[in-house]
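All remarks here apply to the structure that follows.
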């Protein structure tokens, strides 16, 4: 700059104070400069040491019934969007409370939280038989909603609403059961066969009904409730099983084929046995004892109980003499059954897509599904299946690493794999988190997931 | 190689005039070496060697690098079509994020990492394995509805036999000492930059950031670190021994797959 000023003769040069020196050359920074710049850079903290993992709910499957709980799938909020018929992959459902138990029925869903707040249970989906209680319509205060599109609270007639906790919910075809810790079992929905545990009233209209029945008379506290298609099973702390509802396939297990409208204790091979888990979804039922034996009763048209009897209806619980090891958990579907043993092996039997390729359609004797299909390998030898669940035509298995595997008939996208084809062997469902529990329905599924 | 004794020159029977009896028409059959085989005429036996490279290895990475000599080039193509997995040890460092995912790049962000535990890392690693296992089954182009697909899936033999995006078949955490960690990754059709990107994504998933400090290939199909020649062993004898040792293994592997 000094040279430039010197060249312009006759022009007054600026005073020395204002003269700028030549700017430094901008060459590559030396290693020392880079290191100093790095150390001076600010450190961001995204999450602290005490960060908790969040609990989330993911849903997928058939949307039109509203069972997924996302109203924009059925009635889009923007005019140009079309209603979504099927959600093929897991979609997050935003809930205010942490959901501890979920159950999928035939076109509806119940979510419950074990909080002491007033609202403990939410329901969505079909409500034509008041299986979600009375949902007052906002347009006409006297009428109720037939389809509930988003999780709506179900008001329960509790004596101590701020102390009682809801432990578990269960849904059948058109009725639902809610289990509380100190106030017994609440039932709502269709009672045409006595499945709600109260006397059948002729020509009763179940839609827009306010009636929620409470059941308290059992030998001890009820610890598990299970809904079959049109019957209900209750398991008490002492290990006894009670049943009520439709019995034409013997699914009530009471020794007759009539309907029962009062929960009655089951006898047969489970009399005196301490039952630790009961399961049912269609018309067949399975019970697991504390010693690892499995008992079955109900429909056997699909060879579910063919290992003990040739009859197609079994109305008394029978012990199933399988030599597969001590059984930890069992689940019943519409036509197939699945059990999990103590070693972590999964066995299936019955009819339908059982999970061993397209060639295995039906079997009366349990067949094991190879653990390598659940991710077990020499590289990961400690992967085990922790839980098994059953929908009407499909199965689900949860591993101890929090992965969800599904297989079976892909009815309206209920598997959640992203494809519409049936799945003949266990296939992973990609869920962004660790799957803690899953509930299977006819054409949709709900999963409770812990975020990473 | 050229200094080694070569083939003996060919001999030819020629009818040469008899050494004794000048002028007489006596021809004697004698074996004479062919002039064309003389080393001064022929020149050195090998002037060039055809060397082909196997799977690529980055400048910043290290490890086993397979080369093929002569006929080995054709074997290299066959080995490529076998689609065998490669094993890498990948070292990472938490707390930094750079633009090219390695520790020599330009710094983008610094984050805290004291909330990371080995259990959280293993959880993320399990998810990566699960998602890639699904990708493995999907890219193998087998119809999932056949009994054959079921049987291959049970044995774990389903793998893509054609072009596919990079797939990781197994990951394991070898060492974990904050801020450093080391993973062993088995993969197919990958590049080393992809592995560095995976390290970066693991950092993001753990709500922090990570850079890759080391990528080392310890196995490439049938060739492991024990077969690899060090810089000091790049001489003719070791190369010949190495080729001889792995010939049988390569042959059995090719026969098994193709």
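Along the chain as shown, residues are numbered 1 onward.
From the backbone N, Cα and C atoms, a Cβ is placed for every residue, glycine too.
Automatic, uncurated: that is what TrEMBL annotation is.
For A:52-334, the entry in TrEMBL reads domain 'RCC1-like'. The annotation repeat 'RCC1' is assigned in TrEMBL to A:55-115, A:119-182, A:183-238, A:239-291, A:292-343, A:344-401, A:402-451.
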Contact yes or no, the repeat 'RCC1' (A:239-291) and the repeat 'RCC1' (A:119-182), 3+ Cβ pairs under 8 Å, gap 6+: no
Stretch of maximal Cβ-Cβ contact with the repeat 'RCC1' (A:55-115) [cut-off: under 8 Å; candidates A:183-238, A:292-343, A:402-451]: A:402-451
Mean of the pLDDT scores, which run from 0 to 100, over the domain 'RCC1-like' (A:52-334): 92
Helix-strand-coil residue split for the repeat 'RCC1' (A:402-451), DSSP-based: 3 helix, 26 strand, 21 coil
Summary of DSSP states over the repeat 'RCC1' (A:183-238), given as helix, strand and coil counts: 0 helix, 20 strand, 36 coil
Secondary structure content, the repeat 'RCC1' (A:119-182) (per DSSP, counts of residues): 0 helix, 29 strand, 35 coil
